[in-house]
Amino acid sequence: MSGSSNVENLSPQIIRQVAKEVLDLANHPPEGVKVFPNEQDITDVQATIEGPGGTPYEGGQFKIKLSLGKDFPQTPPKGFFLTKIFHPNVAKNGEICVNTLKKDWKADLGLKHILLTIKCLLIYPNPESALNEEAGKLLLEQYDNYSERARMMTEIHAKPTTKTAPTKNEETNCPSTSGTQSTSEGPMAKKHAGDKNAAEKKKKEKKRALRRL
């Protein structure tokens, strides 16, 4: 994830464009997203995404970063979760796999679209492009185990010290791309209702087991 800044490689026009968009997002963020401008390096865009309600990530605060390359916006930025998460489309090093940041990228999509796509990835994981094969396999074959594992990782690594209201699961806000499912189909959507009734009695035991992950 580490790397030098690419600010010197970007044109003044692109620098102004990115700076303006980041400032606009910081002042008028999408629901469930907070953007933190980095005045020293605008190619390092950091944000926090609230875990959407009705998912195993509910109540979590997930820090992410977008690293803009020297050819941005002709090439997509790289996205990373800085907060540990159990998710099919997030690698162990935090790298995010979503088609919007790969084959479906378009130079005019903008940072807001990327952030909303990543948020919707928490609602609709895509096991077909899994970077975490274990999570993808569990999502498809043993959803209850997947949900419990993801929920406990959220509890350990993403829960803030002070509780905040969970973000509403607003499906209509999800960008329509092939990298995310934007309908109520799929294994994740079908199980949302049961996620809120997780067994609390196993929580302490699972926490101890997962702290070494």
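Heads up, the Cβ atoms here are built off N, Cα and C, so glycines get one too.
For Cys97, the entry in Swiss-Prot reads active site, glycyl thioester intermediate. Taken from Swiss-Prot, the feature compositional bias 'Polar residues' applies to 174-185. Taken from Swiss-Prot, the feature compositional bias 'Basic and acidic residues' applies to 192-202. Per Swiss-Prot, compositional bias 'Basic residues' is recorded for 203-213. As annotated by Swiss-Prot, domain 'UBC core' applies to 13-159, with the evidence given as sequence analysis. The region 'Disordered' annotation in Swiss-Prot covers 157-213.
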Original post:
Near Cys97 (active site, glycyl thioester intermediate), which residues of its chain come within a Cβ-Cβ distance under 8 Å, counting only those 6 or more away in sequence?
Top reply: Asn89, Val90, Ala91, Ser129, Ala130, Leu131
Original post:
How do the residues of the domain 'UBC core' (13-159) split into helix, strand and coil according to DSSP?
Top reply: 59 helix, 26 strand, 62 coil
